[in-house]
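I have placed the structure first, in the form of C-alpha cells, so that the comments after it can refer back to it.
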Amino acid sequence: MLSTIRTAGVLSRAAAAGQRRFLSIHEYQSMNLLNSYGIPTPKSVAAKTPQEAFDVAKNFGKDKLVIKAQVLAGGRGKGKFDTGLQGGVQMVESPQQAKDYASQMIGSKLITKQTGAAGRICNAVMLAERREPAHEYYVAVLNDRKTQGVVLVTSAQGGMNIEEVAAKDPSAIITTPIDFENGLSKAEAVEVAKKLGFSDADTQNQAADVFINLYKIFKDKDATQIEINPMALAKDGEVLCMDAKFGFDDNAEFRQKDVFALRDISQEEPSEVEAQKANLNFIKLDGSIGCLVNGAGLAMATMDVLSLHGGNPANFLDVGGGATPETVKKAFEILLADRGVKSIFINIFGGIMRCDYIAEGVIKATRELGLTIPLVVRLKGTKEEEAKQMIKESGLKIVAFDSLDDAAEQAVKLAV
C-alpha cells in the first residue's frame, strides 16, 4: 500500500520535475472542476492582477479570506518569493491587504522545496473563504499496480504528508478497490466514511457523495490521480474539499480538449515545451553532457553508462524512430540552448531509424548552428556504413566510436 501512496506523491511532483507525462492544473481550476461535479469546496475566486484581487475581496461578502499563489508546486505555504515575501499562502483581512499581497505575488517567482532555486512564476492568485475544520482527512483516487485497477485511498490523518503517515502507521491507510465500470456504490462509500470516523448519517452521506463523484471525474476526464489533502469536516458540519491536485493522462488529450485547454506552459520548462512542438521526448536535467538518442530504453541506458564513467547527463532526449534531418537539427538547437552543456553524445541504434538520416541531420546542424562544443557520435544498424562515410567526408570535428563504453567515456572526458 505504501507504493500506492508514493505514487500519489510522485505524480503530484511530476510538474515540479518538469516532466509532462501527466498534465497538472492550478488549484483554482481544480476547485472549478470539483464544483462542476457537485463536490463542495470553500468559495473561491481567481485573480490575475492586484486590482482584480482587490475587487474580488471587496465583493466577496466576507472579510476574512485566504490568498494563495497559483503555482504548480508543493510547499507553497513555506515558500519564499523573489520579492522577499515569505509564504505563498497568506491570511487577508481587507481588500487593500489582498491587493498588497497580490502585488508581491503576481509576476514574481515562488521558490519552494519542489521548484528548485530558480523558482516558478506566479501569474494568478486565488482568494478563498476561511473555513475552520473540526477534522481533516486524506482522500485520493489512483491507479493501483497491485490490484491492477482503480482504488480509493483514504485516511483520517489528513492535512499532513501522507507518505510519512503510511510509513509510520500503515493501518491508518484505508484502501478500497473501485469497480471500473460501475464506480463506488453508495453503500461502499458510506462504509468508507464510517471507517474514517464520520459518526452521523448526514456527514457519512456527504463524505460518501464526495468519494462517488471523485471517481466520476477520474473516469470521465481520464485522470491519473486525484488527491484531496485535506478533505475537511468543517465546524458547521459541512464536508469540504479544501485543496486538490489533479493529474491527467497526456494520451487522452485528443478527447479531453476542455481539460488540456487549462494547461499553463509558463509552469513548464521552456526547452521541454519547445521539444514537444517538434515531437521530441525531452526532459531537462542538471548535468553537462547533452544526449541525443533514439528509443527510451537506449536513452536510459546511455544515461546510465555516462553516469558509470563519472558524467552527468544534461537531459533525456529520445528522437524516436521517425526522426528526420530537420528533427535532429531542432534537437541540437534545444541542446545548445542549455549553457551548461559542455559536450554532446549521440547514440543511435538504426533499426527503424536510418543512421544516414541522423548523420545528415548532425552534419547540417553542426554547420548551420556553428557548433563549437565537442561532439561524440556512435551509430549502429541500418545504413551505418553510409552514415560513417558521410561524417568522415564532412571534414567536421566529430568524434566517432563503435563501442558504447568508449564513446561514453570520451564524452565524459570532453565535458570536463
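In case you wondered, yes, glycine gets a Cβ from its N, Cα and C as well.
TrEMBL has this to say about the protein:
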DOMAIN    31-77  domain 'ATP-grasp'
BINDING   Lys68, Gly75, Arg76, Gly77, Glu136  ATP binding site
BINDING   Asn229, Asp243  Mg(2+) binding site
BINDING   Asn294, Gly351, Ile352, Met353  substrate binding site
On the DSSP side of things, how many residues of the domain 'ATP-grasp' (31-77) fall into helix, strand and coil, could you say?
17 helix, 9 strand, 21 coil
Anything within 10 Å of Glu136 (ATP binding site)? Look among the binding-site residues Asn229, Asp243, Asn294, Gly351, Ile352, Met353, comparing CA atoms, and list what you find.
Asn229
Environment of Asn294, Gly351, Ile352, Met353, the listed substrate site - residues of the same chain whose CB lies within 8 A of the CB centroid:
Gly295, Gly321, Ile348, Phe349, Gly350, Arg354, Gly381, Thr382
Per-residue pLDDT averaged over the domain 'ATP-grasp' (31-77), given as an integer:
95
What number of additional C-beta atoms lies within 10 angstroms of the C-beta atom of Ile352 (substrate binding site)?
13
How big is the Cα-to-Cα gap, in Å, between Arg76 (ATP binding site) and Asp243 (Mg(2+) binding site)?
12
May I ask which of the binding-site residues Gly77, Asn294, Gly351, Ile352 is closest to Asp243 (Mg(2+) binding site) if we compare their C-alpha atoms?
Gly77
